[in-house]
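Student: Quick one: structure below, then a few questions.
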Amino acid sequence: MELPTPKTLCFHLSLLILVASSSIIEASHSSSLSSSDAETISRFQHYLQINTSQPTPNYHQVADFLIFQAKSISLESQAIEFVQGKPFVLIQWLGTNPNLPSILLYSHTDVVPFEPEKWKYDPFSAHIDQNGNIYARGSQDMKCVGMQYLEAVRRLKASLFQPLRSIYLAFSPDEEIGGQDGAAKFVESEVFKSLNIGVVLDEGLASPEENYRIFYGERISRRIGITATGEPGHGSRLYDNSAAENLMKSLETIRRFRASQFDMIKAGLKKEGEVVSVNMVYSKAGTPSPTGFVMNVQPSKAEAGFDIRVPPTADIESLERRIADEWAPASRNMTFQFVRKGPVHDVFGNPLITKTNSSNPWWDLLKDAIQMAGGKLQQPEIFPASSDARFFRQLGLPVFGFSPMENTPILLHDHNEFLNQEVYLKGITMYESIIRAYASYVEFGGNKESKDEM
Ligand SMILES: [Zn+2]
């Protein structure tokens, strides 16, 4: 199918010069690699060297870079500005049967801010140390994955592989600030509808162990602010129902709930994504004075705010009742504001999870493809934070969160984020195997019986 006319397709000569000149920057660190692997690493470094940190990401330079990469492997691409100044790059590799649902290889181009003084190397130098560790903001989250998709496609094209299903690579802006101008606009667009997507791959997390982690859902984000009111009084007096006392009772109840959840992780009974997390993010009370607070007055109002993450399999209604009954009861002069961010179910009324059993052919294909490429998987998990995957799951699409980083410390959003070059290269092999399996898959939505007939 034809892609709509691009709104922005700028291509600068300066980029060519950048690409040509910087390929020698880190050549000395890549001496242990074959020349083709060294070139692969060099392309990853170029992507990392573009500063796309929020709040002022250099999106146009990234779009130019990605479009250059697509051209270099003879793929059509476009930069679509759903929101002006925030190009969304879409690269397509048409299948021989474009009527079959397609494969979406999704990543985001922005990265979180950094504190330069806490880094060993400039976070946009993509410096490689003597152990082959590539230091850069975005090396784990998630420029690695975006570039690995491209490298896997590059290898498949070189091997003359012909996809049956169409493959799309999407590079989205603004994931790190909620995705409203990125993934949210994309899923609402006519372009998205025209792609007829059957399955999505998005980001996961590094694994400190030798087995990769894989994610089939993510926790749902909720925020509450609770407010206690009470009679003001002299700082010396003991009396019932002061605002601070009412709030302290709630804080103790919430702390106990938090501990009960955390204990299950500590005991190894549950993983981080499988429990409800509650963390206090602000507290507010007191009567201001020129030097701070009036110290002999008990205030008439005290507030606290909490970030709550709920597994998609949990009973969110019962949690909401717990908040009303125990955390901010009206009987203690308390009120609360509950901010619901996003739905709990997909458009078909199902929980926002992707099946990881044989009823989902994409799961079997993925698992087998990783295994065939020499990778090992841990038990599938719920992603503890939020990602753009939720926008696709809300439409009922299967999404797997996978960032092939084994034996790697989890450093996303952390200082000195790095990824080892060998781990990166092995990840490309994983995607090569996955894309080959997905793009060759004949059936769609087949159940066990129909698969057995094949
Ligand atoms: Zn990310």
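Yeah, the Cβs are placed from backbone N, Cα and C, and that goes for glycine too.
All annotation found in TrEMBL is predicted automatically rather than curated by experts.
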Student: Suppose a student reads TrEMBL and sees His108, Asp141 listed for Zn(2+) 1. Which of Glu188, Glu190, Glu203, Glu209 should they find annotated at that same site?
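Tutor: Zn(2+) 1 site check in TrEMBL: besides His108, Asp141, the record includes Glu203 out of Glu188, Glu190, Glu203, Glu209.
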Student: Can you match one of His345, His413 to the Zn(2+) 2 site that TrEMBL gives for Asp141, Glu176?
Tutor: His413
Student: Are there any residues in the same chain, six or more apart in sequence, whose C-beta is under 8 angstroms from the C-beta of Glu203 (Zn(2+) 1 binding site), and if so which?
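Tutor: Long-range Cβ contacts: Ser107, His108, Asp141, Met142, Val145, Ser387, Ala389, Gly401, Phe402, Ser403.
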Student: Give the subset of the recorded positions Asp110, Asp141, Glu176, Glu203, His413 lying near ligand 1, defined as CB under 6 A from any of its atoms.
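Tutor: Among Asp110, Asp141, Glu176, Glu203, His413, near ligand 1: Asp141, Glu203.
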Student: Report the member of His108, His413 (the binding-site residues) whose C-beta atom has the most other C-beta atoms within 10 angstroms.
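Tutor: That would be His108, with the highest Cβ count within 10 Å.
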Student: According to DSSP, collapsed to three classes, what secondary structure does Glu176 (Zn(2+) 2 binding site) have?
Tutor: helix
